[in-house]
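Q: Here's a structure for you.
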Amino acid sequence: MKVWILHVAVLLALLVLLLVLPAYHATNLARIMVLAVFAIGYNLAFGYTGLLSLGHALFFAAGVYGAALPVTYLGFAQLPALIAGLVAGAVMAGLTGLLALRTAGVSFMIVTLMFAQAGYLSLLYFGEVTGGDEGLVLPGAAGLIPGLSADAARTTIAYGLFALALIASLLLVRGRFGRTMVAMRENEERSRMLGYNPFAVKLAALVLSGLFAGASGAAYALLFGYAGASFATIQYSILPMLWVLMGGAGTVLGPLIGTAAMFYLVDIAGSYTTATLLFVGVALVLLILFAPRGILGTIRERWLPWLP
Amino acid sequence: MLRIDGLSAGYGPVGVLHDLTLEARAAQITCIMGRNGAGKSTLMKCIMGLVPASRGSITLDGVALHSLPAHRVPGHGVAYVPQGRRLFGPLTVAENLQIGLMTRNMGDETRDRVLDLFPRLRERLDQVAATLSGGEQQMLAIGRALCLEPKVLLLDEPTEGLQPSMIALIRDVVLRLKETGVATILVEQRPDAVLQLADRVVFMANGTVADCSERADLSPDAPQFMAYVGV
């Protein structure tokens with residue numbers, strides 16, 4: 001019960017923040033919530049199933065372009081485009097997983113990285129369609145919800161998507177499949193001895209992860225009005241890993257905390273220097289030294305063992 | 001029940017089991033003894049499909065287990081408790097049991113039966129498995145295997161490193177399982193345990209069965225113990 005109270009309280013707190021924060025920070029929070037959906041997806045693969053992927057940029061970009069291309073070339077409305085984007089993310093994750101999951105550990109990292117790089121180069125190669133580096137400009141959030149301004153529509157949809165993703169991930173990790181994912185992470189051979197097919201479980205986890213990444217990519221493109229090949233660069237594979245590591249791998253709220261912390265770290269550092277990654281590096285070193293399980297992972301370990 | 005015929009297996013080019021033939025019958029405890037390297041654990045892994053058979057067959061009630069992928073073997077009613085327990089540490093006792101129950105879609109009845117065998121686990125359902133004592137972890141490892149309602153139970157040195165009271169409890173559970181018709185294959189190194197539990201004792205040497213004796217034919221100073229186990 002207290003698990004549900006905590007998560008509903010977090011969602012209410014976010015709602016209040018969206019209502020009281022100045023426009024700049026409210027937009028930041030909308031961006032954080034959309035990206036946190038990406039981190040939630042990454043956490044399902046990495047935090048719960050133990051799949052250390054360097055290819056999630058591909059799933060995110062699949063979401064971005066899965067939504068942007070139908071809007072640009074087929075005249076899709078925003079909602080069908082969002083659905084197309086999340087499906088594209090899941091399909092791309094499934095196709096990648098079918099091959100990449102034949103490897104494990106470092107090999108898996110490298111194979112997923114190669115898939116993402118191939119995706120990035122394909123977006124550049126087909127630049128006439130995808131816009132390449134320059135990307136495609138989309139209509140944005142204006143008019144998404146009748147009667148609301150672009151900013152209000154953006155924050156409302158971002159909030160709704162995040163709330164849905166958070167509740168879905170909570171239900172998932174506390175359910176039967178969530179336990180199977182953790183079992184696979186902890187001991188693949190033992191899970192096999194108990195009758196579980198590691199390949200099938202990991203593939204399903206990766207597809208779910210891709211679904212979240214695709215939804216996030218699609219929402220990002222639709223809400224902020226831009227789709228570009230830069231979303232498929234390795235940076236977008238490393239970012240969700242850093243967000244999850246900072247927030248706490250294998251915790252439900254960790255991705256939100258990690259994404260928000262990293263976003264504001266870069267934002268604040270950016271007002272003093274262009275070398276923002278230096279601050280990110282220092283923060284990660286400190287984290288590894290003093291809280292190797294991430295912010296929420298450490299809190300769970302020391303004070304709140306019931307945290308999911 | 002479980003029948004192994006002319007089984008050969010190993011790791012890559014290294015052969016470990018050679019032309020091994022063995023039978024485990026329902027409601028019987030078959031103890032496997034042998035020195036380190038005799039192939040006891042490899043035999044267990046081979047039955048579970050974790051080490052592929054290069055020759056021979058393993059059948060359970062007519063089902064050819066040796067041709068199944070490892071993850072499908074438990075679904076036919078074979079449960080394995082390996083050395084070292086190997087629990088899912090961050091999950092609670094209840095969640096560990098649930099993972100066992102899900103394999104063959106067993107429900108609360110099975111869970112209650114397991115908890116009746118190990119009342120200590122009932123008191124610790126919400127405790128994280130990694131924080132259990134060694135004996136409790138072994139109870140959970142066996143309990144989780146029993147959640148599959150197995151026809152055949154493979155136990156690899158289940159009392160290793162446990163205190164005497166825990167050893168007695170686990171031996172008692174093994175005997176109670178026998179009464180329910182489970183065919184148990186127990187790897188054990190202590191002659192006293194074997195003489196207390198076994199219906200038949202299989203002595204392994206160099207990857208094959210060197211001797212198979214009925215328990216009634218063995219005494220504590222039987223020469224097989226010295227010849228094949230060194231005690």
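Including glycine, each Cβ sits where the backbone N, Cα and C put it.
Below, the features straight out of TrEMBL:
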| type | residues | note |
| --- | --- | --- |
| TRANSMEM | A:32-51 | transmembrane segment |
| TRANSMEM | A:82-101 | transmembrane segment |
| TRANSMEM | A:108-127 | transmembrane segment |
| TRANSMEM | A:156-173 | transmembrane segment |
| TRANSMEM | A:194-212 | transmembrane segment |
| TRANSMEM | A:218-236 | transmembrane segment |
| TRANSMEM | A:243-266 | transmembrane segment |
| TRANSMEM | A:272-292 | transmembrane segment |
Q: Hey, which of A:32-51, A:82-101, A:194-212, A:272-292 has the most Cβ-Cβ pairs under 8 Å against the transmembrane segment (A:108-127)?
A: A:82-101
Q: Which sequence positions outside the transmembrane segment (A:156-173), separated from its termini by at least 6 residues, show Cβ-Cβ distances below 8 Å to it?
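A: Apart from its flanks, the transmembrane segment (A:156-173) reaches 3, 7, 10-11, 14-15, 18, 29-31, 33-34, 36-37, 40-41, 43-44, 48, 141, 144-145, 148, 181-182, 208, 212, 215-216, 219, 223, 252-253, 256, 308.
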Q: So what's near the transmembrane segment (A:82-101) in sequence-distant terms, Cβ-Cβ under 8 Å and 6+ beyond its ends?
A: 41, 53, 55, 58-60, 62-68, 70, 76, 108, 111-112, 115, 119, 199, 202-203, 206-215, 217-219, 221-222
